[in-house]
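Report on the structure given below.
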Amino acid sequence: SVHHQDSSDEPSESSHPCCDLCLCTKSIPPQCQCADIRLDSCHSACKSCMCTRSMPGQCRCLDTHDFCHKPCKSRDKD
């Protein structure tokens, strides 16, 4: 599989950090983690990405933030 790093302004699923299932603790500040599963890669802003060894790999970003990224599924497409 070929991975392209391009700096175009085209929004692509892999390059923009987004999260549909974001889990936060009730602490202040909250500790939020994205539980989304992506195939073969995590979004570009992810520092700690963990993937299964299956084909294709199921990847989760293990980063913790005090916020959630915007949802990946845009509401205006349907």
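Backbone N, Cα and C define each Cβ position, glycine as well.
The disulfide bond recorded by Swiss-Prot for CYS46 reaches one of CYS32, CYS34, CYS59, CYS61; that cysteine is CYS61. In sequence order, the disulfide-bonded residues near CYS59 (disulfide bond) (Cα within 10 Å of its Cα) amount to none of CYS18, CYS46, CYS68, CYS72. The DSSP secondary structure for CYS46 (disulfide bond) is coil. Proximity to CYS24 (disulfide bond), defined by a C-alpha to C-alpha distance within 10 angstroms, is shown by the following disulfide-bonded residues from CYS34, CYS49, CYS68: CYS34, CYS68.
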